[in-house]
Every structure is written in C-alpha cells, then in structure tokens.
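J.: The structure follows.
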Amino acid sequence: MSTAIRSGRQSNWGSFCDWVTNTNNRIYVGWFGVLMIPCLLAATICFIIAFVAAPPVDIDGIREPVAGSLIYGNNIISGAVVPSSNAIGLHFYPIWEAASLDEWLYNGGPFQLVVFHFLIGISAYMGRQWELSYRLGMRPWICVAYSAPLSAAFAVFLVYPFGQGSFSDAMPLGISGTFNYMLVFQAEHNILMHPFHMLGVAGVFGGSLFSAMHGSLVTSSLVRETTESESQNYGYKFGQEEETYNIVAAHGYFGRLIFQYASFNNSRSLHFFLGAWPVIGIWFTSMGISTMAFNLNGFNFNQSILDGQGRVVSTWADVLNRAGLGMEVMHERNAHNFPLDLAAAESTPVALQAPAIG
C-alpha cells in the first residue's frame, strides 16, 4: 500500500502572519505595528512637508492667515504646522471635504491629517508594547507607563479642542507654537493655580530628581571589577547573575544622609516607585488639561485680601491674574473677540494720579 504525501506549503498569508508576530525579528512588528507604521509614516511625511512649505493658514477664521512654514520666513524655532481654521471648528476636514487643495491648505487641513494619524500611531505603539510584552511573557507595565505621555498628547490635541469647540485651539506643531499654547492656556484657564497641574510638576521634577539620585547612588556603589586604568563599564557583562552594585552600601549611605526609612531596601519596590511617580504625575496633568478644556479652571484668589477700609491688598494671585489678562489681550488679535473678563469687569487704575505736565 502506498501513501501519497502532499508537501505542506504554507500560504502567503500564513507566512505574513508568522513574520508579523515573530519575536526574533530585529524590530518586532506585531499586529499593532501593522497599523502604527503607515499612520506614523503619513503623519511624519505630512508634518515635514507642511513645516517646510505649507502656505499661511486662516487660524482664527477672520481672513487673517498666519504663516508657519520655513519658506514663508520662519525658522526652526518660530516655525509650526498651524492648527486648522476656526471656521472649520470641530468638523472632520479631510482633503476630499474641501473644494480644492488650495482651500484645504488655507483652512489648515494638514494639521488634522498630521494629528489624527499621529494619535492613531502612538496609540498603536502602546498596543505594540503590550503585544510584545505578552508574547515574551513579560508583565504589562511598560505600556501602562507609556500611557502617561499618550494621555498628554490626547489631552492637548483632541480633548482640549473638543472642550473649546474648535481645532484652532489645539496646540500648534512647533517649538514657539507650544510656548504660545502654554501662555494662552495660563491666560484663559489659570493653570498654574490648578491642583492637577501642581501634581504634574511634582511628578516631572520629582521624577527627574529621583532618577538622578538613583543613577548617582548606583554609580557610586558599583562593585569594583576593573583597575584604575580601565573604564568601570567593563566591569559588567551583559546577562551576568551577580549584582553589579552594592544595594546595601547605597541603602546605608542614603539612610544616613536623610533618615533610615527614606531609603528603599527592596530593589523591586524602588524601581516600581521610580516608574510610578512621574507616570501618576503626568496622568494628573492630562486630567487637569481635560477638565480645563471644559472651563473648570484653576483656583481664583484674585483680590481676596482686603484691608480695614476695603482696599485690595495685592497678592501673588493678583500678579498672576494681571499677567494672564495681558497675555490674553495680546493673544486676541481681533476686537470682536475681546476677552470677556476684561470687557465685563470694572477697570483697574494703574496710577492713582496723573503726573503734571509742564
């Protein structure tokens, strides 16, 4: 009896699936990578072209275009991809929705193309982190940590425009555009007096401090494996089982420098703390941006202290308020959009008596 054996050739689709999910590839692709790669490529290519050559954009919707590209006179610092026009509002504005390419460019269509593809791409990047961790049998905390900057991007590019009613209020894609966004945000929402922003500052600056402290402590307590004439980095071999630094010495040093319980004696809890502190801080900042997007602003302590005769005793809150009003006036280039808090409030005299002339 003879048996016919068919050669089991794998289909092209099967080969593609194996390649996508193969953890031995030099760079892991993954199913999230199939979505991530084209989205980030589209966002990057459009950003570069728009940053270099996009025509001016009517960001305020009042026929006063703002130039952001390099060939229109900007440099690397002042250049930006200008947000889509206030005339577009929150409408989805792909190329096919415009009457012509010139109209699409004039109304800031490239900004939406870049931002939407970018947000999808970085979300897929987080999914790819989870996917690779899952396939390697690792715990999922890498993608959880990455969710902090991801949430910040969604807050400034999506949630804030939704709350304000127009993508023209989103953060411009450029260096000075980012600073302008921050100044206007302070002027309109008093973010410096918002508790969630304070927690975010503590997270970022505290994370930097803890990172520097940890790195310096470890580097200062390395187990000597080299001579004075060799680099200390040669004392570590990738994959070695022995500890490369003396955690007991580091713990003893820091415990005596501050006090005993300020120093971790468990390497795992230490590194969890180093990861959790800045992540939680940035989460709070993202939540703060998202709440202020709907005008739930920072605390207002303006003119909250009065003397016995009812006169205002100025505090730092009043200094912030005056600075914010000044920034808001400079930001609003058109008179019909004059800041409501200036138009409705009583005028504050800047001088008690006019100087005599002549």
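Heads up, the Cβ atoms here are built off N, Cα and C, so glycines get one too.
The transmembrane segment annotation in Swiss-Prot covers 28-45, 117-132, 141-155, 196-217, 273-287, and the record cites sequence analysis as its basis. Annotation comment: Swiss-Prot describes His117 as chlorophyll a ChlzD1 binding site. The pheophytin a binding site annotation in Swiss-Prot covers Tyr125. Residues or ranges marked as site 'Tyrosine radical intermediate' in Swiss-Prot (evidence: sequence analysis): Tyr160. Residues or ranges marked as [CaMn4O5] cluster binding site in Swiss-Prot (evidence: sequence analysis): Asp169, Glu188, His331, Glu332, Asp341, Ala343. Under the heading site 'Stabilizes free radical intermediate', Swiss-Prot lists His189. Taken from Swiss-Prot, the feature chlorophyll a PD1 binding site covers His197. Residues annotated as quinone binding site in Swiss-Prot, with sequence analysis given as evidence: His214, Ser263, Phe264. For His214, His271, the entry in Swiss-Prot reads Fe cation binding site.
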J.: Spell out yes or no: are there three or more C-beta pairs under 8 angstroms between the transmembrane segment (196-217) and the transmembrane segment (273-287), with each pair 6 or more apart in sequence?
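T.: Yes, these stretches are in contact.
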J.: Where among 28-45, 117-132, 141-155 do we find the most Cβ pairs under 8 Å to the transmembrane segment (273-287)?
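T.: Most contacts with the transmembrane segment (273-287): 141-155.
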J.: Other than His214, Ser263, Phe264, which residues of the chain come within 8 Å of the quinone site, judged by Cβ distance to the Cβ centroid of those residues?
T.: Met213, Leu217, Ala250, His251, Phe254, Leu270
J.: Compile a sequence-ordered list of residues in the same chain as His189 (site 'Stabilizes free radical intermediate'), six or more apart from it, whose Cβ lies below 8 A from its Cβ; state 'none' when nothing qualifies.
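T.: Result: Met292, Asn295, Asn297, Gly298.
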J.: Tell me which of the binding-site residues His117, Tyr125, Phe264 ends up closest to Glu188 ([CaMn4O5] cluster binding site) in space, Cα to Cα.
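T.: Closest by Cα: His117.
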J.: Of the recorded positions Tyr160, Asp169, His197, His271, which sits closest to Phe264 (quinone binding site) by Cα distance?
T.: His271
J.: Over all pairs within His214, Ser263, Phe264, the annotated quinone binders, what is the largest Cα to Cα distance, rounded to whole Å?
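T.: The two farthest binding residues have Cα atoms 11 Å apart.
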J.: Enter the number of other CB atoms within 10 angstroms of the CB of His197 (chlorophyll a PD1 binding site).
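T.: 23, counting other Cβ atoms within 10 Å of His197 (chlorophyll a PD1 binding site).
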J.: Using all protein chains shown, find which of the binding-site residues His214, His271 scores highest when you count other CB atoms within 10 A of its CB.
T.: His214
J.: What Cα-Cα separation, expressed in whole Å, is found between His214 (quinone binding site) and Tyr125 (pheophytin a binding site)?
T.: 28
